[in-house]
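Taken straight from Swiss-Prot:
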DOMAIN    3-76  domain 'DWNN'
ZN_FING   203-216  zinc finger
MOD_RES   Ser278  phosphoserine
ZN_FING   288-326  zinc finger
COMPBIAS  356-365  compositional bias 'Polar residues'
REGION    356-406  region 'Disordered'
COMPBIAS  396-406  compositional bias 'Polar residues'
MOD_RES   Ser397  phosphoserine
COMPBIAS  435-454  compositional bias 'Polar residues'
REGION    435-488  region 'Disordered'
REGION    585-826  region 'Disordered'
COMPBIAS  588-624  compositional bias 'Basic and acidic residues'
COMPBIAS  625-635  compositional bias 'Polar residues'
COMPBIAS  651-667  compositional bias 'Basic and acidic residues'
MOTIF     668-675  motif 'Nuclear localization signal 1'
COMPBIAS  680-706  compositional bias 'Basic and acidic residues'
MOTIF     695-702  motif 'Nuclear localization signal 2'
COMPBIAS  790-799  compositional bias 'Basic residues'
MOD_RES   Ser800  phosphoserine
COMPBIAS  809-826  compositional bias 'Basic and acidic residues'
Amino acid sequence: MAIYYKFKSARDYDTISMDGPFITVGLLKEKIYETKHLGSGKDLDIVISNAQTNEEYLDEAMLIPKNTSVLIRRVPGRPRIRIITREEPRVEDKVENVQADMNNVITADASPVEDEFDEFGNDLYSIPDAPAVHSNNLCHDSAPADDEETKLKALIDTPALDWHQQGADSFGPGRGYGRGMAGRMGGRGFGMERTTPPPGYVCHRCNVSGHFIQHCSTNGNPNFDVKRVKPPTGIPKSMLMATPNGSYSLPSGAVAVLKPNEDAFEKEMEGLTSTTRSVGEFPPELKCPLCKEVMRDAALASKCCLKSYCDKCIRDHIIAKSMCVCGATHVLADDLLPNKTLRDTINRILESGNSSAENAGSMCQVQDMESVRCPPPKALSPTTSAASGGEKKPAPSNNNETSTLKPSIEIAEITSAWASAEIVKVEKPVDASANIQGSSNGKEAAVSQLNTQPPKEEMPQQVASGEQGKRKKKKPRMSGTDLAGPDYMMPMGPGPGNQYFNGFQPGFNGVQHGFNGVQPGFNGFHHGFNGFPGPFPGAMPPFVGYGFGGVIHPDPFAAQGFGFPNIPPPYRDLAEMGNRMNLQHPIMGREEFEAKKTEMKRKRENEIRRSEGGNVVRDSEKSRIMNNSAVTSSPVKPKSRQGPPPPISSDYDRRRRSDRSSPERQSSRRFTSPPRSSSRKSERDRHHDLDSEHDRRRDRPRETDRKHRKRSEKSSSDPTVEIDDNNKSNVFTRISFPEESSGKQRKTSKSSPAPPESSVAPVSSGRRHHSRREREMVEYDSSDDEDRHFKRKPSRYKRSPSVAPSDAGDEHFRHSKRSKGERARA
């Protein structure tokens, strides 16, 4: 059996066991206090209510049945019942009498103690000395001797012993009670306020006992204020100055204060004065004509004189006299306009706080409002700056120039006391008529003044310490168009013409329109150079790669073919000779350039192979067709069937043998074959081979023509020369059977005589000689292979005069060679 309970804020129920079927409310509260550790129940109370019916059990004797669920909540405890004791007035009267007698005795004896201690209770933990004990004895003597209780009470209430013993009739449990009762609420204790101080308490303001200090009648009177001094810890005596109103106590008993630091104060004041301006430093344009001070809230008299004044000064003047300073009487105070420009100028000068002439000159720009009514035409004045001579130079004008207009703009630089070397610049406008009539005269005068101006002397400027910068003087510089021939360093730009003649602009492929006269940079040069009229009327002649007097760079001039070198190197792109002439192509990188270069080389090699291979094939085809036609001709005419061979002299045989043995000829034949690209060759070797091959191909026609002329001359002079029989025959004829060799020898001996001269006349065309040259090289290669395989003896190179060559043998030799070359090519 149990009772279920929980707080309202709890989630689960707790149980309290019980013995019977019922339990009282008081017993249930005690068990709840015990289980929840709520103390004895004196500080708080618990209200119990039914969880289902919300019925509160207010009576502690009320019975609660078992298995009931209740809710509990805490409430403040009930007020305690005070204990009231009966007072004994007789004992109190005796105590008061005893205390009154003791106060009289203590007041008389405690005077030396007050001299030693400035207040009672300062030395709280000292042992009472003999006079205090003597006063206690006197108090006991004054009390009745037969009353023991009175003596004990008097001993307990002795004021000298209040610091270590607390009376039973104290009004609060505070710790501070009895330790100098000068504070509110009985010192640092608390409780009900005590209006009557304890015996022996003396007010510190008036030195009268009977009241606390907060009840003293002298509160608020400065004559009774207590001065508190402190020791000058860490302060040297040299920095202390004795005064009656000091706060530091000196060893002599006087009081002192700190001396002011004059040096630091002067430095601070100097810093403040350096950032402020005096009234005399401001220009007169910023001062009010009435008060002679810097204008405050500058206002403009818009109806009369258009001058600026202080707003207060001019307003008071108009209200008092009903007239302006200039004498106009039709003005009102409402007609004044604020001069914003002047106000901003004054504010900037005051805020700047420095004496820089640059800042002052830029800020002190005063514009008179008369220019608003009569704005003069803006014109440049030809007067030079007054910085050179220190004097103002008037602008040149005509005699009939009117002087009715006042100067509209005056720019003055502030001349301060520490910057006395500044120069005032005044810029005056020029009349419109004077500008129109004398513009040319003024321009000439300005130019003459600029040219004839003496050298300026630099005047030293005395600048203050707070100045931020110096005024920079602009030096006159010549314009770019006035430069002549010596300054011809003009960059190569995209313009159509170059006025300084330092080469040609890109994109001018031989046509330039900028050379129809003498260029501006050529002072003193005539139209034609050294008698050359030039390709255009009055233009420069084409300089074929030659520099002219150090002015013209010897780089390409205009067209591509007019530059160095005159003969371009082999396999060079002519566009490379120009100065970036091929601008239509985009700028390529190094990789793209190398790839393009390799591709061009490969194309050239392919062209060379095709040209050489085509010539050889064409020559071989021609010879084969001729032989076939000779073989297939009519058998009636055997001589016409066999074409007469060309005359071959002994010189030709010797030249062939020398060509076979000479390394130059071998190298030339080696290069006639298509070049094989080797991966081991570097780029430099490949370029070198291509250049050398190009040179040999270029020299090959000349050598062929020269040899042909020699052969033609010899053949014409000696047409009946016998044909040498030492020509090489085919390898198959040399290894044939004896019957065939003897038959061939007989056939050769019966050959016909030499053909006429007209049939062997050489053809003068280069193609014919070139094809013959190719045939000879092919024949030599085949014979060389035969010699290498069959190891020919050196005796075969010797001539045998006994055997005469025949036409049939020579024709058979050539036919066999051609057929072998064709078979090898196929």
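We number each residue from 1, going along the chain as drawn.
Placed from the backbone N, Cα and C atoms, the Cβ positions cover glycine too.
Keep in mind that what you see is a predicted model, and the values were worked out from it rather than measured.
Secondary structure of the motif 'Nuclear localization signal 2' (695-702) per DSSP (helix as H, G, I; strand as E, B; remaining residues coil): 8 helix, 0 strand, 0 coil.
Mean predicted confidence for the domain 'DWNN' (3-76): the pLDDT average there is 89. Across the range of the zinc finger (203-216), the DSSP-based residue counts are 3 helix, 1 strand, 10 coil.
Across the domain 'DWNN' (3-76), DSSP classifies residues as 12 helix, 32 strand, 30 coil.
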